[in-house]
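A quick write-up on the structure given underneath.
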Amino acid sequence: MKPFTFYEAIEANKRKTWIIIFVISILLFLVCYAIVSYFELGEFGILVAFLMVFFVNYYAYKNSDEIILKYSGVREPTKEEFPYLLNVVEGLSIAAGIPTPKIYVMDDPSPNAFATGKDPKSGVVVVTKGLLDLLDRLELEGVIAHEISHIKNYDVRLQTVAAVMVGLIVILGDSLKRSFYYSRRRRDKDENILGIVSLVIAILAPFLATLLKFALSRQREYMADANAAMLTRYPEGLASALEKISKNFQPVKRANTMTAPLYIVNPLKGGMSNLFSTHPPIEDRIRRLRMMGERWKLLDKEG
């Protein structure tokens, strides 16, 4: 496989991201349509379904930051405590063309970091004490650039909306399955093609949507890696940081399944198969970053 540029990696991941979001949206529509058709709710039912989707998304969008920070148990560092951290975040924010995000530290020995914020104006970068103790400045720059890329690319907003959509698909699909099995109308619909199709949608849509949510999370990690490499012009910094984090891994105590996709590496115990993982394999991320570095060196020699 030939080395690829930052721009090629970013564009490829953008395309994959929007394909995934489109397919999740189609699955949500299919589940809503199956419910409306099965219960013969008509136009009113469709309106109620879409209003529910809108309000749940809006609530998640407005409150996600506060909920995440509250559950993570973070604190604001002082300038005297970590002066280099504040300098790195400020410098990379200027380079990325976004307002300097708020910085928080989590007193946890596990080396990890995450970003949150609905948009660049409300961006937040959180790093663990373990990360600050482990990495040198160039490696820390790679990690911070990765998190700033998440903020610049509106990844938290995207992940929140996707998570809510998938959650709705799972809830609605489960409700439809229960109704199919226990409704008084079941006898009348056993041989009905619409009833069978609705049941198939109720079973498959939640499973497929969950897989797509994980795939979306992995694509955004690849994209943030590529953006970080472009921002620092030094892919090896992030590659080396990921290598160290992998070798010194331990679970983050305050992490949970809700916040896990936000971290630079999976903060929870145990690994999962690629299809069900929120993060790409670290080895693959390191390999891609070093391939970008090789391509950059070749372009420098040619130019």
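In case you wondered, yes, glycine gets a Cβ from its N, Cα and C as well.
There are 27 other CB atoms within 10 A of the CB of GLU147 (active site), with all protein chains counted. Feature annotation from Swiss-Prot assigns active site to GLU147; the stated evidence is sequence analysis.
Under a cutoff of 8 A between CB atoms, and with a sequence separation of 6+ in the same chain, the neighbours of GLU221 (Zn(2+) binding site) are ILE264, HIS279, PRO280, ARG285. Secondary structure at GLU221 (Zn(2+) binding site), taken from DSSP and collapsed to helix, strand or coil, is helix. Per Swiss-Prot, the feature Zn(2+) binding site maps to HIS146, HIS150, GLU221.
Taken from Swiss-Prot, the feature transmembrane segment covers 19-39 (among others).
The transmembrane segment annotation in Swiss-Prot covers 41-61 (among others) and is backed by sequence analysis.
The transmembrane segment annotation in Swiss-Prot covers 156-176 (among others). Long-range Cβ contacts of the transmembrane segment (156-176) within its own chain (Cβ-Cβ under 8 Å, at least 6 residues beyond either end) map to 17, 20-21, 24-25, 27-28, 31-32, 34-35, 38, 52-53, 56-57, 60-61, 64-65, 115-119, 150, 198-199, 201-203, 205-206, 209-210, 212-213, 216-217, 220, 261-262.
What Swiss-Prot lists as transmembrane segment is 192-212 (among others), and the listing cites sequence analysis.
Sorting the binding-site residues HIS146, HIS150 by the number of other Cβ atoms within 10 Å puts HIS146 first. Sitting within 8 Å of the Cβ centre of HIS146, HIS150, GLU221, and not among those site residues for Zn(2+), are the Cβ atoms of ALA115, GLU147, SER149, ASP155, ARG220, MET223, ALA224, ASP225, ASN227, ALA228, ILE264.
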